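Each remark here refers to the structure printed beneath this line.
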Amino acid sequence: MYQELIKQELVTAQQALADFIADAENINAIERAATLIAASLRDGGKVMSCGNGGSHCDAMHFAEELTGRYREDRPGYAGIAISDPSHLSCVSNDYGYQYVFSRYLEAVGRPGDVMLGISTSGNSQNIITAIESAKAKGIKVVVLTGKDGGKMAGLADVEIRVPYFGYADRIQEIHIKVIHILIMLIEKELAV
């Protein structure tokens, strides 16, 4: 009954991934991001990740893979998802949702840390505000975006952009693959 729809969804996902892979800059950006994050962790820094909705879940997944494990046993790495419900509700109520991530970076971020922002549109104002706060504190910025990069295009030290202009779920599917590759490369960098 739905077999053709299922196949169509898988083929569309396959094409979005093929288009992403075909751009060598995407591969280079993933490598640069992993190297940047690994250098911060090696020097005692931390990675703070953030996103909204499904991207928030991806930010939590990234931090969990750092503090827990990916494929192999190894020491835990300093990864924090900006996801504490009391922080999010307090800052949203007292300052506005635009500041939920930046306020956290202002409180616990240090020069040499890294912020990972995830936004399928590249237009999430709270992540843009966090980028501004991060840069003011000497925190390096990596962003995962989609479409044309939105307002975040050009703001980060490293942008990994999925140039897909359809539904956001296709972008999220590639973001999670990128996250897993980042973790794998970070582990390799820190194993030497």
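Positions of Cβ are set from backbone N, Cα and C atoms, glycine also.
The substrate site recorded in Swiss-Prot includes Asn52, Gly53, Gly54, Glu65, Asn93, Asp94, Ser119, Thr120, Ser121, Ser124, and the single candidate from Gln3, Gln172 that the record places there is Gln172. Here Ser119 (substrate binding site) is compared against the binding-site residues His61, Glu65, His180, and the shortest C-alpha distance is to His61. Each residue contributes its Cα atom, and for His180 (Zn(2+) binding site) and Asn52 (substrate binding site) those atoms are 19 Å apart. Put simply, the two farthest-apart Cα atoms among Asn52, Gly53, Gly54, Glu65, Asn93, Asp94, Ser119, Thr120, Ser121, Ser124, Gln172, the recorded binders of substrate, are 32 Å from each other. The most densely surrounded of the binding-site residues His61, His180, judged by C-beta neighbours within 10 angstroms, is His61. Across the domain 'SIS' (37-192), mean pLDDT in this model comes to 97. Sorting the binding-site residues Ser119, Ser121, Gln172 by the number of other Cβ atoms within 10 Å puts Ser119 first.
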